[in-house]
Amino acid sequence: MPRPLHATIHLDSMQHNLARARACAPQANVWAVVKANAYGHGLERGMRGFAQADGLALIETENALRLRELGWVKPILLLEGIFDTSDIPLLAEHNVNSTVHCIEQVKMLEYTQLYRPIDVHLKMNTGMNRLGFRPDEFAAAYQRLRAIPGIRNITLMTHFANADELEHPRLSIGEQVRRFRLGADGLPGERSLSNSGGVLHTAELVQELQSDWVRPGIMLYGGTPGGRSAKDYGLLPTMTLKSEIIGIQHIEPGDSVGYGSRFQADRTMTVGVVACGYADGYPRHAEHGTPVLVDGIRTTLVGRVSMDMMAVDLSPIANARVGSKVTLWGDGLPIDEVAQAAGTIGYELMCAVAPRVRVAEAPLGCDPVL
Ligand SMILES: *Cc1c(COP(=O)(O)O)cnc(C)c1O
C-alpha cells in the first residue's frame, strides 16, 4: 500500500479562482501565472485549470515549449525574458512573448536576425529594484526595441513590491503607478501591471490600476498575498495536503516528544504520529501550535517536525486511531493560516511540496470548503 500522504489538486477551484480574478479586473486580460510548476500544482494541471485565461506566464523557455507541446495555443509570457541569444529563435518559432528588462537583453535582440515577428513586454523598475529599466531610461529602451525589425507589439509592464497593502509607508502601489505613468508617458502599447495583490485591490484603486493585462498568481491557487483570508475574497483552496495517523503514543506529564525534546507534556495526553515531514515539503520551522485537522477536528502540531513524520495533539479527537485522516492544509484549513503559524507564506508551502508526494486530482464538481 502506498504511504498515505498525498496532495489533491482541485481543478474546478482553479477555474473558480480565475473567474474571481476576472471579476476583480473585468477590463483586463489575464495572464495566469504558472511559474514554479504552477505553484507546485503541476504545469499541465495549471494549463487545464486555467484553460480560460488569456495567456500563461512562467519563467523557463523549456516550460514554454512544453506548454506548446501540451496544446496551449494562446499567448505565453516569459517573466524573466531570455537568458541567452539561443532562446530567441524559440520565441519566434513558438510565438512566445518575452519580458525585456535590461540593456543586455535589448542587445541580444539587436544582434539576432528575427525571421518571424515577436512580441515583448518591456519592464520598468518602479521601486521594487529587482528587474527593469528605471523610469528615466525607459523611453530610450523602448525606442531601441522599436527600431528592431521583427519586434511587433511592445507591452509596458511593471511589478508591485507591496501590492498586498494599500498604503505601504516606504513604497505604495500609488507611488509605483505614478512613476510608471511618468516613465511610460506618451509611449504606445498595452499596459501590464498587477499581481494578485493589485488585482484584489483593483476595486479600491480603480483610477490608478487601469491596466490592459493583469498577472495574478497566488490568488488563483486560493492563497492571498497579504494578511487577509482567502475566504474574504471568495477564493477556494486548490491544493489539499492529506495524510494519516500512523502511530499513537500515550504520554505522561514530564514526557517529551521528538528531536530536541522541544515539547514537554504538562498532563497525560495522546500524541498521534503523522506520515508527513520536512522531506515532503512541510516546513521544519513550523512551531508547536501550528494548526492541523484530524478527522476534520482542529488540533495542533507538537514538537519538532522530522524528516518523514510529525506529531500532533490528539486530545480534542475522541476516536482518533491509526488510520485517522489528517489534513495538513487545503480543504477546511487555509494554507495561509498554516504558513503564518510556520513563519512563512502560502507561496512557499505550495512550491515546496516534494516530488515524493503523490498527487491526485479531485473529481470535478466537488468544491472544497473554505
Ligand atoms: C510571480 C509574479 C507574478 C504573480 O505574483 P502573485 O503575487 O503570485 O500574484 C506576477 N508578475 C510577475 C512579474 C511575477 O514574477
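From the backbone N, Cα and C atoms, a Cβ is placed for every residue, glycine too.
Pulled from TrEMBL:
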- K35: active site, proton acceptor (ACT_SITE)
- Y259: active site, proton acceptor (ACT_SITE)
- R130, M307: substrate binding site (BINDING)
- 238-362: domain 'Alanine racemase C-terminal' (DOMAIN)
- K35: N6-(pyridoxal phosphate)lysine (MOD_RES)
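Structure with TrEMBL features highlighted.
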residue: K35; record: active site, proton acceptor; Cβ neighbours (10 Å): 19
residue: R130; record: substrate binding site; Cβ neighbours (10 Å): 11
residue: Y259; record: active site, proton acceptor; Cβ neighbours (10 Å): 11
residue: M307; record: substrate binding site; Cβ neighbours (10 Å): 11
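K35 (active site, proton acceptor) and R130 (substrate binding site) have their C-alpha atoms 17 Å apart, to the nearest angstrom. Y259 (active site, proton acceptor) is 39 Å away from R130 (substrate binding site) when you measure Cα to Cα. If you take the Cα of Y259 (active site, proton acceptor) and the Cα of M307 (substrate binding site), they are about 11 angstrom apart, rounded to a whole number.
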